[in-house]
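To start, the structure itself, in structure tokens.
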């Protein structure tokens, strides 16, 4: 990769390129930033578009291909909004916001994989201290909203509205944080649970992910006399970092029981941020998430004394299978009905500094299959883009053998899959099965895939291969939430534009663009699909200047206090705008 490509890709991932990005760092797919890498690669694109003509600078074309909502500032609640904006700009309120988040960070609400149930595993008990802190920090919230605790530590607040005919909104965040590796404690600028404020940044685990979002949602509209017309529900899980099995999954059951399916006008959870993209400032709310699946690949062969070994032991056979799997990644696809494609279109028609030939190729692909395939072949030459868009595999766990002088009778590996939004669990199972099948034949091994016997059971085999689901955690890609001609998405987009402007003293609709995107990882919304078709993952984090999202999941996690204040303004405006909406 050239230095220019590295520079362009570093806009996407502010972490040093020689350090692998953490899971959450790549949760939000911001395709526009990656296009610079392919634009810098020097591919000749002119040959694929000699006859394609379009008025690229036409406002009409831009609005058709990448429609933008108007900036949306509260009208009915304008007095409340203006009061809150003025208050947010004061030193007194800034000090309170710092205290809120700093105090939240100081409580070590770590969640771990494979924890025992609530009431059994004592590591859950720390959330009692966190609940006590929230009660002390936000007394008006707790005296005004109805609170239900789900599975002891899940929090569901209901803010009643005066018009029960209106669908409520659901705002979510999570209380838990990723554990701090004790071996990295000395690498922190300030102690990881100090909540230290240095006059510009608040430091500590959870400051960005996701206690900043939780504080942003809990900010106090009540103190300025706001009484909602539309009911608002706030839901805070407590093990999002461990797949939400005890928190969001149980909260979803509660909400379905209390409100029913499709009960909410929209749901907003953690997710995308806003940042520079080819000369434009762009917000990237995620309208979908990749799917998830772990596959256990097991090999069995005869045991015995290692002094008389066969040509291949079970470990050797497993190694051959792993080598084959890694040599044949799932090929990514570019289709016109994919969110990724619409992000490309937005980048082509609205970003000021995209490579001209790349822009023409993307526009040509609207009607030309040849252009579509050409764009596909170019963008997927960049490994990062290929991984972010397509289905990925990673061999993460391996085991086998018990003693140096004993032939291993079993060997196994667990392969993690992140499933592309236009694929499925069944398609991935079929792809894996077909990939393994020739290896099974080559080494005379029987093959069983997820309970289906693939090879002839009457044949005497040397050993066996079994593909299976080790933990029962398969997850299909999330349904794609509406973002074209969608009142809910327009309210979200209009709020983003308004808050961005207000926080900077700007006006107009073009200071920040909004492009649809999606998550490569999964949030608590995986359990909320039945509650609303309008699920958006966006927290209004400030990624300008290459900041990204504050070193989450690694050392020196932090958030600028100015970013926290803008997040508070965002959730405030979103509640007010949704309360005024008549078309949700």
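Glycine is no exception: its Cβ is also placed from the backbone N, Cα and C atoms.
Feature annotation from TrEMBL assigns Zn(2+) 2 binding site to 174, 209, 269. Here residue 174 (Zn(2+) 2 binding site) comes close to 210, 214, 236, 237, 238, 239, 240, 241, 244, 247, 248, 270, 524: these same-chain residues lie at least six apart in sequence, with C-beta atoms under 8 angstroms from its C-beta.
Positions annotated as active site by TrEMBL: 176. Remark: residue 176 (active site) has 109, 110, 111, 127, 237, 238, 239, 240, 241, 242, 247 as non-local neighbours, by Cβ distance under 8 Å and separation of at least 6 in sequence.
Other C-beta atoms found within 10 angstroms of the C-beta of residue 553 (Zn(2+) 1 binding site) number 18, with every protein chain shown included. Sequence annotations record features per position, and here TrEMBL assigns Zn(2+) 1 binding site to 209, 241, 553.
Annotated active site, proton acceptor per TrEMBL: 240, in sequence order.
According to TrEMBL, the feature domain 'Peptidase M20 dimerisation' maps to 287-435.
Between the recorded positions 209, 240, 241, 269, the minimum number of other C-beta atoms within 10 Å of a residue's C-beta occurs at 241.
Counting in whole angstrom, residue 269 (Zn(2+) 2 binding site) lies 18 from residue 553 (Zn(2+) 1 binding site) by their C-alpha atoms. Compute the center of the Cβ atoms of 174, 209, 269, which mark the site for Zn(2+) 2; besides them, the chain residues with Cβ within 8 Å of that center are 172, 173, 210, 213, 214, 237, 240, 270, 523, 524, 539.
In this model, the domain 'Peptidase M20 dimerisation' (287-435) carries an average pLDDT of 95. When DSSP labels each residue, the domain 'Peptidase M20 dimerisation' (287-435) comes out as 64 helix, 36 strand, 49 coil, counted as helix, strand and coil in that order.
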